[in-house]
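Feature annotations, reproduced from TrEMBL:
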TRANSMEM  71-95  transmembrane segment
DOMAIN    246-330  domain 'RCK C-terminal'
DOMAIN    337-445  domain 'RCK N-terminal'
DOMAIN    460-544  domain 'RCK C-terminal'
């Protein structure tokens, strides 16, 4: 019996006892003063119990006064009310527990994704799957947790995914993909079970690595694809350092690139609206989206004002992007490359430090534990630790640790000690992204979101995500219903949120697409950029 139920029962007994005793005393004194009769407490108690239980009255009912008649009626109503209160509080929950179903141990599905066990990472993947209307099932060994997940609206079955019969009951042979993300030994065991269960079926077996040195073992166990989001997010955080040149942006092909660009205070673009900046006509640059205070917006509204809090995701020709970058940079900005602090030297921290080191950027590494490669050992929540690392002269700070609360404190402290440094933070939980921005971070990337997008990219190889870490997909699709019309006639961006970056016509890639004069042909292929949701809007509107 649960502690909460016991507490409810005890409280209810005390309340009922108090009501019975109070009513008995009222009846006793009413008989004495109104009827002039003396009754014992036991007789009074008998009348109260008979009234509350609505069981009728025996030989003892010696009252005639109206007050006592009304009081007896009131006690009858009280008894009925107590029954109505007790039913939903005690009886219904008990009946639900008795008749409630256990979590299902078998599903009937086809073309679905099997996810072995639930974790916060799964939430991000489920958002990707739901945006594509892709069916899935989560296998959860803990039945109580499985019931809780089912109650929250997720597709879950109970069972141990290390067991081959459990994978069979999850319809592994008919599934699109199997995703494992547990500890290495458990994940490898699940992969072996899947390998033994599958024959010639083409189910993808995707494993998330916590340590990339284990990749060979996962492949030997049968993993078709291994991904390491912690390494990726470390490199991605390092790519936010302004010292890294445009050549490290995501390259679509030799002509067109995708880059993130900050609007610096004092630059020519600062305080202009998107319309006033007129990037498409001036530079042949497409603005795909914008991060404003941590929120990604796509398409970008024309009235959006470009400020130092704005970060644009743009696509265009390399030379045009370089010209735009010069416009976006502050005229009075002195580019400092003196020192980048990396706080936390785990998998992500090492990946970030290695990338920065390869660009000849000076790096100081701070970690709580003494290990090879660490320059300063100490608690990053202490000002003394950051001072020893050179926070005052740092041009940027990368915070990549496993605890978001510690990262929050470190962000607050780093911002207080160096107001001009660029602070870049890894968030382990998506819900903490906004908090880290509020604490003073310039850029925050969620590990769960990156992992979910990487998994989605691996599962749906028909739509290659060229820039998963950008929260944007670049997809090559047929022109469809655009054929015979121009962009001016079909406002793709406002209707779907997608941006057309290039047209492939007879094998040639065309990036100069005047909205008024360029007409799409039936056999054209297009490269579009947008979020998963926006791309699906485009597919529904122009390809069906």
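From the backbone N, Cα and C atoms, a Cβ is placed for every residue, glycine too.
Under DSSP, residues within the domain 'RCK N-terminal' (337-445) fall into helix, strand and coil as 46 helix, 24 strand, 39 coil. Mean pLDDT, taken over the domain 'RCK C-terminal' (246-330), works out to 72 on the 0 to 100 scale. DSSP places the residues of the domain 'RCK C-terminal' (460-544) in helix, strand and coil in these numbers: 22 helix, 24 strand, 39 coil.
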